[in-house]
Amino acid sequence: MEIPIQVAVRICPYTEPSENRKPVAGAEADASAFGNAEAKAESFSDSEDNKNDASNRQRPEESTDANGNSEGGRQLKKETLPTDSNGNENGTIVPLGSGCCVQAIPISASALGLPSALPGGRAQDSIAAGLIQVGAHTVPVTHALGSGTTQSQLYYQTVFPLISLFLEGFDASVVTYGQRGQGKTYTLYGPGFECVYGEADQGVVQRCVRDIFAHIAGHSERTYAVNVGFVEICEGEVCDLLDMGNVHCQSVEEVFRWLQIGLATRQPKSAHSLFTLTLEQQWVSKEGLIQHRLSTASFSDLCATERWGEPPPGNPRDAGLQMLELVVNTLTDPSIMYGVNGNIPYGQTTLTTLLKDSFGGRAQTLVILCVSPQEQHVAETLGNLQFAFKVQCVRNYVIMNTYSDDNTPISPETMPNGSSNPGAGPLAQVAAGDNFGLQFAASQWFKLVSNAEGLFAKLMASNLISELEKEQIEEWLFLKQECEECLSSTEAMRSQKQLVPIQEAEEPEESVSEPPNSDNDTDNESQRPDLADKLESLMEEFRAKTDALIQSKHAEFLTKHPKAVMQSQERDKESKLDAPPEKDKEKIEERKTSIAGRRRSIQPGASLSTAELALLNRVALQQPTAQPPPSVLDPESSIDPLESSAGEGLRQAAIAAAAANAPIEQLQKKLRKLHAEIEGRQRQLKEIEQTMQVKQNIISELVKNSDTRSHAKQRFQKKKAKLEAECDKAKKHLAKALIQGREKGETERWSAIIAHIEHRLEDLSSMKHIAGESGQKLKKLQQSMAESRKQQEELEKKIRKESKLRDQLETELAKLKESRDGASGGKELVKLDSPEQQGRQLKAVQARITHLNHILREKSDNLEECAGGEGPAPAQQESLRHEIRNLRGTRDLLLDERCHLDRKLKRDKMLTQREERKLLECDEAIEAIDAAIEFKNELICGHKSIDTSDRLQREKGEQMLMARLNKLSPEEMRTLLYKYFNKVIDLRDSSRKLELQLVQLERERDAWEWKERVLSNAVRQARLEGERNAVLLQRQHEMKLTLMLRHLAEETSASSASYGERALAPGHQTSSGDFDYELDFYKAAATTTTTTNHKALVKPPKSTPSGAALEKYKDKEQRGAGRNIFAKFQVLTRYASSAASAAAAGSCSSTVDESTALIESTTTATATTTTTTTTTTTGGKGKERGLPNIRQDQLKRLMPAPTVTKVTRQKNKIIIQDASRRN
C-alpha cells in the first residue's frame, strides 16, 4: 500500500509584547508563544553565553527542552474570536501591520460531506486540508492548524488515524520539525507531568499511550507485549535516556514514569530525541487461525533548523537535518535518484538511519511543522514550508506486520483459557504449545545483538575508548558467544522434539504410540560419531537385499512368461548375432586390430621363442591322421594351425596376459597409495591425541589455579588503588607547589614522582590483565579441544573408510592372482569337486562338439563343390598350392630372423635402431604373407575374390580406385606395395616410440604423485608436531606464570609501604601538617639527631632535590632486581605477549618491549628499600632548621616492611626446575 507522507503545519500563537513588561535581554521583543515559551527559549539559549547576566533569568517554573522548545508553555487565555461560515477563526489571522505574516487557511469538510475528525465533533473540527499563506506565497498542506488549535484538536485531527492503523499492525511515525521555540516538544510531550497542568494540555505521546492501553483493555482475548525506548542523538552519537534499552511496560503509569525519566535525562544542548513504542499482539481469529502482529510507533522530536547561508532560506545547521533534506530531495527528484543509481544516502548520518522507515520506508508518517508567524522569521519559515511541500511528495510503502503461522489452525490445547488479564505481562496468556511469539522475540533480540556486535567492533577498531571500556566490551562479546552456544543447543533439542511421525487416520492408537520413541532414538543416534559406519552397513544390507529381490523376481518372471514370447526374443537375439550390420563388423575388426597392435612391439609375450617356433613348424608340416588325401585336403583346415602358428593365437594370449596383468598392477598401485595414506593418517591421529592430552592437562591446571590468579588479580587491584591514591596526593602537592611558587627543583621532583607512579600504574594494569586472562585462555583451549576432537573424528572416519577399501582391493587382488595362476596352469588336469562344475564342463564340451560338426559340414559342402567343377582347374589349384608352399618357406625364414632378434633383445635388453626397424619389418611381412596365403586358399576353395565380391556395394570413388589399381602393371604394383609397406613400418615405429614415451611419462607421473603424497603427509605431520610443541611450551609457561603470579601476590601483599607512608622530603620549609608526606623517600638525605630522649628527622640545610634523587632510587631498585623473581617473570611475559599477538606478527616486538618495561617497573614497585641514616653537621653553608620530633609509632610506620619472599623464591625455583625436567 503506497501512501504519501502527511504534513500538518501548526502556527505558534502570537501575542503583542506588553509595554510594562521588562524586555528580556538577548531575546526578541515580540517573541512570545505558548505562555511566553519562545521568549523563554531565547532567554535559555542566551543564558548559555551570558550566564552572569541577571536579566537573562526567567521564572524557575518555566523551562525549555533540549531543542529550545517550550515544554512548560501554556496557551494564554484568549478571548473567544468569531468564526466565519467555514469555521475559521478570523481573529487568529493577524494583519501584516501587526507583525504577523503567516496565515492558516483551513478548508472545512462539512460542505464536502466528509465525516468529522472528532468523535461527535463539530463541523469546524472536520478539517481535511488547508493552505498556509506567507505573504504572497501559498503552500498547500495536508493539515493547516491555526494558532488557536488545541492539543486535543491536533491529536484527533492528525495523529488519531495513525494510531488506528498502528493498532491494526501497521508502523506509524510522528515527526516534529521547525525552528527554535515554536512548540515542537510541547506538541509531542505537552507541558510535562506536573500536577498543576490538566489532561487538556497533554501532548501527542501521552494521548497515544492512553488510547493504546484502552484498546488493549477492550480486547481481553488478545495477548500483548508493550515495549518502550527513549534515545537521544547528539552530534551523531546515540545516547539511551533510559539506560535500559527497550523496557517492557504493563500499564499507562509505567510508560509515563519511564517517559518522565527520559525527559529529565535529556541534554540541554541541541539534540534529536526518538521515543519508540512497540506493540506485539497475538490472538485466535474467528476462523481458528493464529494471528500475530507486531507494530512500532515512533515519535521524533528534531532539533531546531536554524537555517543559515546563501541563498536566503539557507540550510539547517545540524548535519542530520541537512542529510534528511538530501534524502527527501533524492526521493522526490528522479534526476537525483538516477544519478545515485537508486542508492538513497540513509547511512550517512545516524538521524537518517533511524528515520529510514519514516521517509520512504514502511511506516505511515506524519510530519508536524511548527512555524512562527513573525515577519523576522519569514525566511526560515519559507524554507521549512518548502521542505514540508517536498515531504508531501514522498510515498511510503506501508504494509501490515502480520504473522499468521502459515494459516495453521490452532489446536484446542493451545486455545487461551478464559479471559486473560491485560496486565498479566507480555504474551503471558499464550498456551504452552504455542511459542511463536517467544521465537520471534528471540530472533529480534538476536538481530539487535548482532548489530550491537558490529558497533562494538567498530569502536574497538577506532581506538577511541579506554582500556576499561575495552574490557567491558570483550566481556560482553564472550557472554554473547556463550548465549549463542546455549541457543544452538536449545535449537537442536527443539528440532528433535518437532520431528514426530505422521499419524494415519485408519491406524489404531496402539500402533502409533511406539514410532515416536523409535524416531527419537534415530535422531539421538544421528548425534553419535559412529553414524557413518551404521549408515554404510545399512546401505550394504539394503544393496544385498535389493539384489536378491531382483534376482528372485527375474526368475519368477521367466517361469511365468509365455514360451512364444521367449522364443521370439531368442530369434531376435540370434538374428542380431548372426547378421550384424557391416558398420558394426568394421568397428569390431578395427577394435580387434587396434587391440592386437597396441604395445605388441614392446610386450615380451608377442615374440616367439625357438621352442615355440619348432613346435609350430612341426604342426604345420605334419599331416594329421584320418584326413582325406592332399588333393581333397580342406584348405581351411590346413590354414587353422598356420593361423595359430602365425602368432595370432599367441598374440591374443599375450594380449590376454597383458590385460590380466594390467588390473593387477593397477590394484597394487592403489594398495601402495592406500597403505601410505593410512600410515600417514595414523601418525597424524597419534599426534592429535597427544596434543589433546596436553591441552586437557593445561585446562585442568588452569581450572585448578584459577583461585591463585584471581587472588593475584585482587592484590594487584588493591595495589593499584593505593598507587592511584598516592598519585592523587602527589598531584595535589605539585599543584600546591606551583600555586605557592616554590623552587623549580621541587616541582621537577614532584613531576618525576608522578610520572614514576603513573608508569607503575600502567605496569600494574598490564599485570592485572595478564592475571585475569585465564578465562579467555580457558575458552580458547576449549575451542581448540573441540576442533582437535573434530579433526580426530574426521581422521578416524577416513582411516576406517580407507581400511575397508584396502581390504576390498586385497580380496580382489587375490582373486585376480588365483584366476591368472589357473589360466597359466591350464594344461594340468583339474579335478572337479562339485557336480555343478561337472555339469558346466559337460555343457561346454557339447557346445564345442556342435560347433565342430557345423564346421565339418560346411567344409564337406565346399569339397563337393570343388569336385563338381565349380572351382578352378586342377592345374591352377596345383599352381596356387605351389605358391602357398613358397610363401610358407619365406614366412619360416622371417620367423627365424624374428626369433633371432627376440633372443638378442632378451639377452642384451636393447637393440639398435636398425634392428628395431628390422623387427617391425618382419612382423609386418609375416602378416602380409598370412594375408596372401588366406587369399590363395579362398581361390582354391572357389570363393570369390575379396576385391570383386563387394564391388557392387562400393562407392563410386572406391570403384574408380580399384579400376586404376587393376590396370597397374606388376612392376608398378610391387613399387606401390613396397612404398606403403615402408610407410606402415614408419607408422609402427613412431607408434612404438610414442608408447615408450607414454609409459615413461606414466612412471614419472606415478613417482611425482608418490612424492607429493609423502610430502603432504610430512607437512601435515610437521604441522601437528609443531602444534603439540607449542602446546607443551604453553603448558610450561602457564605453570611458571602461575608460580610467578603467586609469588607476586605475596610480594605485593608484603610490600605494604606506600608512597603516602614513605614521606617525601621537600626542598624547602613546610608546615608540620604536611611533614609526613614530604619526607624524601627517593633521597637518602634524611638525618637523625639524637637529643635528650628524642629522635628527630632533620632536613639538610639548603638542599634542593632534583631528578637525580629519583634516578638514584631507580638504580638502587634495578640493582636489587637481579635477586628478584621478576627476572624470570620477564621471560614468561615475553612468551605470553608473543602468544597473545600470534595473529599480528608485527606487534610481537612491541609487546615484548612492553612486557620488559612492565617487569622492570614492577621490580621497582616490589623491591624493598632501606633508609640510610646520616649525621648532620653544623658546618653547612645554609642555616640549619630543626624539625619537630616524631613519635615512635610514626617511625615504625615509616619503616619498610621486612622481606618475606627469599625462602619462597628458592622453593619456586626448585619447583620450576623439576616441572621443566618432567616435561
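Our numbering is plain: 1 for the first residue shown, then up by one each step along the chain.
Using N, Cα and C of the backbone, Cβ positions are placed for all residues, glycine too.
Fair warning: this is a prediction, and the values are worked out from it, not measured in the lab.
The stretch that Swiss-Prot tags with region 'Disordered', taken from the ranges 295-316, 625-646, 801-822, 867-888, is 625-646. Swiss-Prot lists coiled coil for one of the ranges 982-1015, 1050-1083, 1186-1219, namely 982-1015.
Comparing the binding-site residues GLY178, GLY181, GLY183 by how many other C-beta atoms lie within 10 angstroms of each C-beta, the top residue is GLY181. Compared over the binding-site residues GLN179, GLN182, THR185, the count of CB atoms lying within 10 A of a residue's CB peaks at GLN182. Counting other C-beta atoms within 10 Å of each candidate's C-beta, the binding-site residues ARG180, LYS184 are led by LYS184. In this structure, GLY178 (ATP binding site) is part of a beta strand by DSSP. The residues of the compositional bias 'Basic and acidic residues' (787-799), classed with DSSP into helix (H, G, I), strand (E, B) and coil, number 13 helix, 0 strand, 0 coil.
In this structure, THR185 (ATP binding site) is part of a helix by DSSP.
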